[in-house]
There are 2 protein chains.
Amino acid sequence: MNFHYPNGKRYNPKQTESIKKGKNVTYSNRGMTLEEDLNETNKYYLINNIAVIHKKPTPVQIVHVDYPQRSAAVIKEAYFKQPSTTDYNGVYKGKYIDFEAKETRYKTSFPLKNFHEHQIHHMKNVLKHGGICFVILRFSSTDEVYFLKAEHLLEFWERMANGGRKSITKDEIEKFGHYVPIGFRPRIDYIKIIDYVYSLT
Amino acid sequence: MNFHYPNGKRYNPKQTESIKKGKNVTYSNRGMTLEEDLNETNKYYLINNIAVIHKKPTPVQIVHVDYPQRSAAVIKEAYFKQPSTTDYNGVYKGKYIDFEAKETRYKTSFPLKNFHEHQIHHMKNVLKHGGICFVILRFSSTDEVYFLKAEHLLEFWERMANGGRKSITKDEIEKFGHYVPIGFRPRIDYIKIIDYVYSLT
């Protein structure tokens, strides 16, 4: 991940790509990031007793902590760490659910650089142990969200590893993935897709 | 959690209790904390393709981040947040695994104050959705480790909520829990207990 965005900018690990491009990150189109939408969705699932899925905290390497008397400890020096797993996991109908969510500003393809080697490795492990693993991909310019099974993502990653293209074309995502309509509540109803794709209904 | 321990002390969220007592935290008996033992154990499970279980990062509220040119972002001000879930989760034999690990310096009972209300709430939710949920309890003075199903912990929590004792007696832990012998590799082989308790073999 790259955190070189201008000081004062609201901290948002999900927007690495636009940051790399030095673009000004705005969501005026809806005022919500993919992460916020998913957190709301997961909250909805929790409150409505549908599933228990949480985003993992951002991994931070704590270097120095101050312990003022009679007040909370203050972390004075810490660094962002590369996540060794995906961001979201939990349980649905007794099954282990694990996924990563990424967005791109590109319109016709989704760059694979949005994923880290260890995340890919983690997804392989989850599948090996019978977990349900996928990615939520958002095209921010058009606000389109897709559900793609990790099995497919891994194939595209392999293709890149073998010298192929460094991205997944939007056509491929439309072909192998599933469009997730943006709703009001929940915002991104990916559980409905899980029921369908893994026939859990 | 309480982070009022003296400055310079090594950051260790697992030792809240001894910290509250202002005791000097040492592990000369083995030089490893319960967290380190479990991380090693989980690493062993991962490497040996037995299970994929990770500790979640410590939840931190990031307030201020500096972005020096040509170097990594530095978190200059952040605070520890109450965890809203348990610390460990993952997948084993397709099943969702979720647990919390705590240690006490007491010899005859395990104080329930080691757990937070939201963690208890989270455990209830995990059970409701068919996940496997438990706690790993360590008596640090004797270095004894026990596996206790969340179902039992919740009963003891209920008892406290109804005005009963604020701890679980060691006898109760021995009766309802399972002793986990400390090994070399893995250090704390809780998967073996899972196989037995939930008959997954």
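Every residue gets a Cβ built from N, Cα and C, even glycine.
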Listed in TrEMBL for the Mg(2+) site shared with B:THR85, B:ASP87, B:GLU100, one of B:GLN69, B:GLN119: B:GLN119
Correct range for region 'Disordered' (source TrEMBL, candidates B:1-20, B:21-40): B:1-20
Winner by Cβ contact number (other Cβ atoms within 10 Å) across the binding-site residues B:ASP87, B:GLU100: B:GLU100
Chain A contacts among the recorded positions B:THR85, B:ASP87, B:GLU100, B:LYS102, B:GLN119 (Cβ under 8 Å): B:THR85
Near-site residues: Mg(2+), ref B:THR85, B:ASP87, B:GLU100, B:GLN119, CB cutoff 8 A to centroid: B:LYS56, B:PRO83, B:THR86, B:TYR88, B:ASP98, B:PHE99, B:HIS116, B:HIS122, B:MET123
DSSP-derived structure type at B:GLN119 (Mg(2+) binding site), helix or strand or else coil: helix
